[in-house]
Amino acid sequence: MISTKTTLAGIHFDNCLMNAAGVYCYDASELNQIQNSMAGTFVTKTGTVTPRTGNQVPRYRATHLGSINSMGLPNKGLQYYMDYISQQQKAVPHKTYFQSIAGFNLAEDEYLLAQIQASDFTGVVELNLSCPNVPGKPQIGYDFETVEKILTRVFEVYRGPLGIKLPPYFDIVHFDQMATILNQFPLAFVNSVNSIGNGLIIDSLSERVTIKPKHGFGGIGGDYLKPTALANVHAFYQRLKPSIQIIGTGGIKSGQDAFEHILCGASMVQVGTALHAEGPQIFARLTAELKTIMYQKGYTTLTDFRGKLNYLD
Ligand code: RRO
């Protein structure tokens, strides 16, 4: 029997495929669709202290190679997602769910984590350190000192399984420096990567940008992102202590893409741009395609090939 089940933070998931935060997770109607799909679980839209409407539309555009977005963190507020997860924990108790969160400063991070700690939440927290789209707010993941400061405080106040969503890095020294910081903490996982921040996709016919916020600048996902995502997954897989697992996100639209992320070291894989394009039935297709590749290669579990990327020397 070929299986795509996985374990993360000591928790079992029937399938390693799930949505990426921001796609099909804004409200109960979208989350229900992921719940009713082949996805192993769901992550919510990143929840903030209070609800946000986000940036002006149009704020998402797909192309044949991927997507650009400047959503600006539209979300219903942490409490909404906590209530939804609480319901799901009761309705479907054999599954474990991910709550994505982001504060706008350390005090807000502490507040969000205190709310979760005080609730009946039994899931996994994904702290988003990489939103590229809030005007005037730089991506925390590129400020190494602040990352260390935040994680120091996070693990003083929060006891449950928690990981972080990181932006892509593009320099070997940055992989080394970030891994040295992350290895100091009892992180359950690192999710690599968020979108490539502040790209620009233009329409040459109209000579215009394609999304309205920030004069068209936005986070890039899809095919454009996959090689960068694979590099980040593998770089952190090589450098992080074994107790910090990797979630691979970026450019997954086929079973082969998921296979490659796992080969680079991912224990779980998330689908963003392709899920937006194809809808939650994509999880059945991706699972079947991944199983076909595993069958052809004689693999029965993800551990048969996870992280076993070969080099040319
Ligand atoms: O809402 C967004 O604009 C957004 C977020 Br929070 C994020 O983490 N990554 C992204 O591409 N868009």
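In case you wondered, yes, glycine gets a Cβ from its N, Cα and C as well.
Now, the feature entries from TrEMBL:
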ACT_SITE  Cys131  active site, nucleophile
BINDING   Lys45, Thr46, Asn128, Lys165, Val193, Gly222, Gly250, Gly251, Gly272, Thr273  FMN binding site
BINDING   Lys45, Asn69, Ser70, Met71, Gly72, Leu73, Asn128, Asn194, Ser195  substrate binding site
DOMAIN    5-294  domain 'Dihydroorotate dehydrogenase catalytic'
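Looking only at other Cβ atoms within 10 Å, the busiest spot among the binding-site residues Ser70, Asn128, Ser195 turns out to be Ser195. Between the CA atoms of Gly72 (substrate binding site) and Val193 (FMN binding site) there is a gap of 18 Å. Between the CA atoms of Lys45 (FMN binding site) and Ser195 (substrate binding site) there is a gap of 14 Å, rounded to the nearest whole number. Checking the binding-site residues Asn128, Val193, Ser195, Gly250 for a CB within less than 6 Å of any atom of ligand 1 leaves Asn128, Ser195, listed in sequence order. Counting in whole angstrom, Ser70 (substrate binding site) lies 16 from Asn128 (FMN binding site) by their C-alpha atoms.
Of the recorded residues, the residue listed as 'active site, nucleophile' and Gly250 (FMN binding site) place their C-alpha atoms 15 Å from one another.
The Cα atom of Ser195 (substrate binding site) lies nearest to that of Gly250, taking the binding-site residues Asn128, Gly250, Gly272 as the candidates. Of the residues the record lists as binding substrate, namely Lys45, Asn69, Ser70, Met71, Gly72, Leu73, Asn128, Asn194, Ser195, the two whose Cα atoms sit farthest apart are 16 Å from each other. Once Cβ contacts within 10 Å are tallied over all protein chains shown, the binding-site residues Gly72, Gly250, Gly272 are led by Gly250.
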